[in-house]
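Below is one structure, written out as structure tokens; the observations come after it.
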Amino acid sequence: MTDVTVKSLAAEIQTPVDRLVQQFADAGIDKTAVDSVTQQEKETLLAHLNRDRGAAPNKLTLQRKTRSTLNIPSTGGKSKSVQIEVRKKRTYVQRDPQAQEQAEAEEQARREAEELAQHQVQRDAEEKAKRAAEDKAKREAAEQAKRVAAESDKLTNQQTNTMTKSPQATEKARREAEAAELRRKAEEETRRKVEEKARQVAEEARRMAEERGGNWDNAPEPAEEDTTDYHVNTSHHAREAEDENDRKVEGDRRSRTRGGKATKQKKTSRLSESKADREEARAVGRGGKGKRRPSTLTQGFNKPAQAVNRDVVIGETITVAELANKMAVKGSQVIKAMMKLGAMATINQVIDQETAQLVAEEMGHKVILRRENELEESVMSDRDTGSSAAAESRAPVVTIMGHVDHGKTSLLDYIRSTKVAAGEAGGITQHIGAYHVETDNGMITFLDTPGHAAFTAMRARGAQATDIVVLVVAADDGVMPQTIEAIQHAKAAKVPVVVAVNKIDKPEADPDRVKNELTQYGVIPEEWGGESQFVHVSAKSGAGIDELLDAILLQAEVLELKAIRNGMASGVVIESFLDKGRGPVATVLVREGTLNRGDIVLCGFEYGRVRAMRDEVGRDVASAGPSIPVEILGLSGVPAAGDEATVVRDEKKAREVALYRQGKFREVKLARQQKSKLENMFANMTEGEVSELNIVLKSDVQGSAEAISDALEKLSNDEVKVKIVGSGVGGITETDATLAAASNAILLGFNVRADASARRVIEAENLDLRYYSVIYDLIDEVKQAMSGMLAPEYKQEIIGLAEVRNVFRSPKFGAIAGCMVTEGVVKRHNKIRVLRENVVIYEGELESLRRFKDDVNEVRNGMECGIGVKNYNDVRSGDVIEVFETIEIQRTIA
């Protein structure tokens, strides 16, 4: 037969040559690719491969995953599904026959060692007992010898020796009993220790055998020559292991459901527990009193015995429901707490910060007050305002005020027309309310505000936009009410006043009279020892204009006005309007910094990016420094006069701040317009509703106000009540007008007048405003107003009588009474009464009145007529028809 080489054998069995060479080497045969292979070598290689393939694995690891869904209840009564994955890993080890033989040999050696140790212990115990017996015999012999010697030596003391011997024998017997008991206890302790040690060794050996053998102890080992059943045996063992694992897991689950860990411990450690221990474990597993323990799926925590104190964050306003949610309590508990504090509220009602703080602290929580304008503060703080050390001198901002027709407008027009360059004359029509004038000594910015209302609003908002007030007083007219109001506003703002005595060119001018009158209000000239400069000017001829400008600049130099030119700009809105082509336009007077085109401006409720800037003559400018008025375009809406304009970094944050301001303004407005409370509603639901005449009273002095209030309240009666909504001393302000509009009241001014802002509100709301200088005139007009609110009286007046002479029948009107007018006049469609024997039997309306077949409107005394009574046909001859009319009598208050 041809020799088979390793290479040809590899090609025949379709395996690489290198692998076949390696397999020969593993079988102990050294071959190369060109060496020949004999039949015996082939059989040797096949036997080697069969042994390798037929060897079952000693260890098998099974990993199983179990997925399930658990529904967990959450807040709000809803449940949440949670995906749960349980991973189990079991490792099964097959016992090695050699290891089993070795373990059996070790077990045999251990048992022999235990038997040897037990025999040794028994021998030691026997020897110890033998030595104890010998010692006992020796002691007894010695005692006997002593006893004999004592009897022979002391015959005289036999009785005494006998008495002494008895307790010695008793003590000897007691000692022997104690020694025997100790020997018995020692033997029992030794035997118990040996048995315990043997039991522990046996238990450890059994546990090790179970770990080594696992569940494969009884599995038949595969035959050495059987290589085809390898996968079948492996899968069979795996299935058995999985089934056993499933049974074990199911048993654990059932044991947990029935009794928890105590039951499981009872089952697993039954071999090592006594019967009493098992009974005790069974009692514990059933709850101690024979009751079934609850399922482990129930909640393992109890309701807290103490209330949980929380940190409650409260803003400026909060609803009752939100407050209850933050304290983790029900809304009804919060309402109960508020009722205990004396406040009634619903669950959706908005309460203020103080009330919410009291309620939260009453319920034992810690309150953290939060300012809702934190964003606004952060936006304002994140601004580059420049260094205060780099402050430079700036132009003064001058507001010209004065009474109507005192030449204020003419003075402004003259200054503007003479100081504005000729090339800029065409831009005068672009009047924006503010402009600056260049003089030889410096620049001055004038504010042309419409009256003093805008000036007051600016001072109230702390704009600090006005530095100097020029008070214009006509030399021929003197001090007037608006002049006094201007002085009061200037003093309230702590702004210096420069007095311009206008119309000095008139023949009737009297400058000294103006000085005397102004002195009464605290404006004292410098030549009289005061601080106010007085300049005589004429807006018509231009006399004294330069002196006025010099006085303004001198006052500004004394004030040392400075501003930071670098950094983000801030200013105040002088006026604003809506232009059709350009949108919202605002006139801004820059106070600090530099306003550039493209800056983001936050202005009151509005915001936006500056798209264009123009000066007072309509020219486009790229930037504006301090004390320069400019028109800006690009805001989201028309801002209010007096609002502060601020340049910020982030347009998004500017929008949020503007929206927050709008929301707060809306809340305040709605709160002011809130309807009457429940108590007022019940108070108004009384029988015979009493009319109320609401009055807002302003007087010049407090005594007059009290006297008028008492006199008006005494005019009240059962039908009309006079209610003084508000009273005070001083002029009628915008607040008074707003109060009168809200309460539907009449404004009464006693020796006082309303200012411009109040007049605007009065005109807009169409309020009733009356001025008085005599208290009696005021009381009489209030009486007339109350009389108009009284219910009128009605009186029936008889205007005619007609006697029925005959009765006719008409197909159209029924019974027609032929009558003779005996008194007065009978008129058609008037009310009538039918009297029979001076008793009223019917009251109705006269429907038809005829004379000689002609319809007439009236029939006078002594004439005959036919009368048809509406809806009444029982008219008889001899009846009297009484014609009357109802007259309304206007009531008056005495």
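Backbone N, Cα and C define each Cβ position, glycine as well.
Counting Cβ atoms from all protein chains shown, G402 (GTP binding site) has 24 others lying within 10 Å of its own Cβ. In the three-state DSSP reading, G402 (GTP binding site) counts as strand. Marked as GTP binding site by Swiss-Prot: 402-409, 448-452, 502-505.
Summarising the annotation, Swiss-Prot assigns compositional bias 'Polar residues' to 68-82 (among others).
Taken from Swiss-Prot, the feature compositional bias 'Basic and acidic residues' covers 107-154 (among others). With DSSP classes pooled into helix, strand and coil, the tally for the compositional bias 'Basic and acidic residues' (107-154) is 47 helix, 0 strand, 1 coil.
Taken from Swiss-Prot, the feature compositional bias 'Polar residues' applies to 155-168 (among others).
Marked as compositional bias 'Basic and acidic residues' by Swiss-Prot: 171-214 (among others).
The compositional bias 'Basic and acidic residues' annotation in Swiss-Prot covers 237-254 (among others).
As annotated by Swiss-Prot, compositional bias 'Basic residues' applies to 255-269.
According to Swiss-Prot, the compositional bias 'Basic and acidic residues' annotation covers 270-283 (among others).
Positions annotated as domain 'tr-type G' by Swiss-Prot: 393-562.
Residues or ranges marked as region 'Disordered' in Swiss-Prot: 52-301.
According to Swiss-Prot, the feature region 'G1' maps to 402-409, an assignment based on similarity to another entry.
The region 'G2' annotation in Swiss-Prot covers 427-431. Confidence annotation: the region 'G2' (427-431) carries a mean pLDDT of 33 in the model.
The region 'G3' feature in Swiss-Prot is assigned to 448-451; the stated evidence is similarity to another entry.
Sequence-remote contacts of a segment are chain residues at least 6 beyond its ends whose Cβ falls under 8 Å from one of its Cβ atoms, and for the region 'G4' (502-505) they are 402, 406-408, 410-411, 472-477, 511, 536-541, 543-544. If you look up Swiss-Prot, you'll see 502-505 marked as region 'G4'.
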For I504 (GTP binding site), the three-state class that DSSP assigns: coil
Where K408 (GTP binding site) falls in three-state DSSP terms: helix
Under 8 Å by Cβ from I504 (GTP binding site), same chain, sequence gap 6 or more: A475, P511, H536, V537, S538, A543, G544
Set of same-chain residues at least 6 away whose C-beta sits under 8 angstroms from K408 (GTP binding site): I400, M401, G402, V472, N502
